[in-house]
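Noted in TrEMBL for the protein shown:
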type: DOMAIN; residues: 19-166; note: domain 'MARVEL'
type: TRANSMEM; residues: 25-49; note: transmembrane segment
type: TRANSMEM; residues: 69-91; note: transmembrane segment
type: TRANSMEM; residues: 103-127; note: transmembrane segment
type: TRANSMEM; residues: 147-165; note: transmembrane segment
Amino acid sequence: GGGAYGAAKAGGAFDLVRFVQQPQVLARIVSAIFALIVFACLVGDGYSSQPENPQLFCIFNHNEDACRYGIGIGILAFLACIFFFMVDIYFPQISNTTDRKYLVLADLGFSGLWTFLWFIGFCFLTNQWSWTRAEDVYIGADSARAAITFSFFSIFSWGLLLTFAY
């Protein structure tokens, strides 16, 4: 049934199978995996060096901000997914409607903000990749494309979380 912010009564036994089958939980897991992929691609192969110069540079048009932005929103999105995953686990146990309200509003606000930030990240990484010269990328082109692709997918996964929070 209905009730205050998604549950009729607080309490009850925890059922892992039923919990994992919830659409919100599945969307959160997918969002965490996408964030982890973006982060891992940029940390693993997002920086390169030229044979004559051992100094590392970001493969996105030598723009360090592009790599930092992708890594930053990827880490924060992954940590937020873990936090809200824990909130999802304990949410049925919370009986205070004010606490429930603030948790739902935090999820709504964060999901909305991160949907927007993933859109900005996708546009920023795509723009910088389009200006990257092919001779500057010795390795890491596939990782750069994967970071762009999963940034795009993250827009929709976080938008889905936004919809579920609403």
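Each Cβ is built from the backbone N, Cα and C atoms, and glycine gets one as well.
When the domain 'MARVEL' (19-166) is classified with DSSP, helix, strand and coil residues number 117 helix, 10 strand, 21 coil. Sequence-distant neighbours of the transmembrane segment (103-127) (same chain, 6+ residues past either end, Cβ-Cβ under 8 Å): 5-6, 38, 60, 66, 69-70, 73, 76-77, 80, 84, 87, 91, 94, 144, 147-148, 151-152, 154-155, 158-159, 161-162, 165-166.
On the 0 to 100 pLDDT scale, the domain 'MARVEL' (19-166) averages 92 in the predicted structure. Same-chain neighbours of the transmembrane segment (69-91): 6-7, 14, 19, 22, 24-25, 28-29, 31-32, 34-36, 38-39, 42-43, 46, 100, 103, 107, 110, 114, 117-118, 121, 124-125, 147, 151, 154, 158, counting only residues six or more beyond its ends whose CB sits under 8 Å from a CB of the stretch.
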